């Protein structure tokens, strides 16, 4: 660069919640200069993730990722957050990786750099023109993280800053098991007292305690917390967690959720059968794609006519939101949602149902700007490690994550808050 002034890269805000937008701007370039914007993150497992876009500076020698087109890279077009949502493991990484934050008390650190020319590889072997480190947080300042070991229930409660009382949330993840905290931390940052519930250890579904009592007890731990509004508690589930959410909303006589959000779930739960038994019954329908990734969606097809093979969703009496992707390769969630809508119409409670469905989105619809994982490693309850195909195409899946999150927060605010919610900012 013949410029006498060194190129300058800024990221604003440099500290933000993971669902907040940032602006990335490069100044002091020669006009019409080809450059590559690159993001790099080292996850807790020490794997590197990256994204990059190719830009050309304008007549003032400036590139703005928000306003300018990327002509190539891991994303193209005008994509303000492409440097995050299009992240993928660097070449040569192990197959089937998934980026999930375990320690929510510290930020994801993302190094954003600008390189001379349109670079496609070897970023770490060359010196950038300028760099900036940005922090992406799941927990806003003042959010409390409280370990729960009470009445047999295992989980982590996130309390928003301030005295409350706050609306409450029971947050359940899927069939991978374990304690997953990051969505609850983010809900805590948006003003909800959210309990991330662990209901079985990874690969331990056969010993999972799917007794109603466990989930009802967990719900009541949230409901009766002194900083929670007892009549404003919802349930949020993804995948298997969404199946359990639907089951609790329809069939529990003990708890009455104020609303439910179900991402990539279904209502196919045969009466008197454990989830493990139900899955084993359908396991011959698992097939492999050309990469030997397991596709599970056929296990849900055809949707049974027999009502004893389904949760009686006609008994749901709270607002419920279903969020699904048409390219979900793990479960036939859109077909299941169609059937739920028919059942609810017949029962007269269809007015309680809100549906979001997205073409070319897959199963793992996460908070916005989370990278898209089309297929990742999964430990089955036989301890066998496989790669599951979740589905989705990166750009439409990422758009679905951003759009659904805005709609989910609006739905929760409408049903759980009587006044405007706390707007958390870093």
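Note that Cβ sites are derived from N, Cα and C of the backbone, with glycine treated the same way.
As the structure is a computational prediction, the values presented were derived from the model and not from experiment.
Copied from TrEMBL, the annotated features are:
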- 211-417: domain 'BAAT/Acyl-CoA thioester hydrolase C-terminal' (DOMAIN)
- 239: active site, charge relay system (ACT_SITE)
- 328: active site, charge relay system (ACT_SITE)
- 363: active site, charge relay system (ACT_SITE)
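Annotated features taken from TrEMBL, shown on the structure.
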residue: 239; record: active site, charge relay system; CB count, 10 Å: 25
residue: 328; record: active site, charge relay system; CB count, 10 Å: 29
residue: 363; record: active site, charge relay system; CB count, 10 Å: 27
Cα-Cα distance linking residue 328 (active site, charge relay system) and residue 363 (active site, charge relay system), given in Å to the nearest integer: 5
